[in-house]
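Contents: one structure, followed by commentary.
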Amino acid sequence: CEGEPFQIVSDVLSGLGVCGSWGFVDVLGLEDEGVSSVPSPSCALMLLFPLTQQHESFRQQQAGKVSGGTDLYFLKQTVVNSCGTVALLHAVANNPTHIEYDGDSALKKFLDETANMTPAQRATHLENNQAIREAHEEVAAQGQCRVEADNINFHFITFVNVKGQLYELDGRMEGPVNHGTTKDDSFLKDAARVCRGFVERAEGEVRFSAVALCHT
């Protein structure tokens with residue numbers, strides 16, 4: 001994996017009033033050796049990857065695999081370059097038992113307000129949320145969801161374990177993708193296995209980074 005999104009993501013979490021013993025750490029590689037160095041337990045994995053033509057073709061084939069996932073918190077990405085923010089929301093919102101907030105947390109307020117909304121309604125609410133928008137602009141300014149000199153866009157997605165199912169959450173899609181069963185102690189390896197498919201489809205592209213939400 002390339003790059004260090006860990007500090008940026010952690011700074012945004014802190015700025016939005018997230019506290020407690022869970023936080024993001026860099027995943028040094030998507031093979032078992034890199035994954036095994038991540039503190040356990042882990043409850044979410046965020047992948048930053050290049051939007052190649054191979055990926056876009058795969059997404060078109062995958063469109064029919066989108067699931068309803070009523071137990072999941074999912075929102076659409078409608079703001080340009082907000083993939084890091086959407087991925088972060090997906091990671092935190094789907095792990096409510098692990099995340100602790102300051103008393104005036106802007107993120108907690110947003111999640112409470114949008115709990116019963118549709119993915120599209122949540123997207124609209126996000127567009128109008130000044131505190132989260134300011135945090136997003138800070139992330140965008142530091143290069144996430146960036147465009148490189150070769151005109152390749154980069155994108156963040158999230159993997160979570162919800163009720164023993166491994167879900168991939170991408171705000172550019174119509175809903176979550178279910179990758180089958182997983183367990184707390186195998187979640188990170190299971191998610192990394194799916195991520196390796198992204199690397200393989202990129203055919204030589206090496207600009208991948210990942211962070212995991214762990215008990216630290």
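Cβ atoms are placed via backbone N, Cα and C, with glycine included.
These features come from TrEMBL:
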ACT_SITE  Cys83  active site, nucleophile
ACT_SITE  His155  active site, proton donor
DOMAIN    1-215  domain 'UCH catalytic'
SITE      Gln77  site 'Transition state stabilizer'
SITE      Asp170  site 'Important for enzyme activity'
#### Entry: Cα-proximity to Gln77 (site 'Transition state stabilizer'), 10 Å cut-off, over recorded positions Cys83, His155, Asp170
Cys83, Asp170
#### Entry: Largest tally of Cβ atoms lying within 10 Å of a Cβ, found at which of the recorded positions His155, Asp170
Asp170
### Task
Write down the Cα-Cα distance for Cys83 (active site, nucleophile) and Asp170 (site 'Important for enzyme activity'), rounded and given in Å.
8
### Task
Could you tell me the mean pLDDT over the domain 'UCH catalytic' (1-215), as a whole number?
82
### Candidates Gln77, Cys83: member of the recorded positions with the richest Cβ shell (10 Å)
Cys83
### Query
Reported as an integer number of Å, what is the Cα distance between His155 (active site, proton donor) and the residue listed as 'active site, nucleophile'?
6
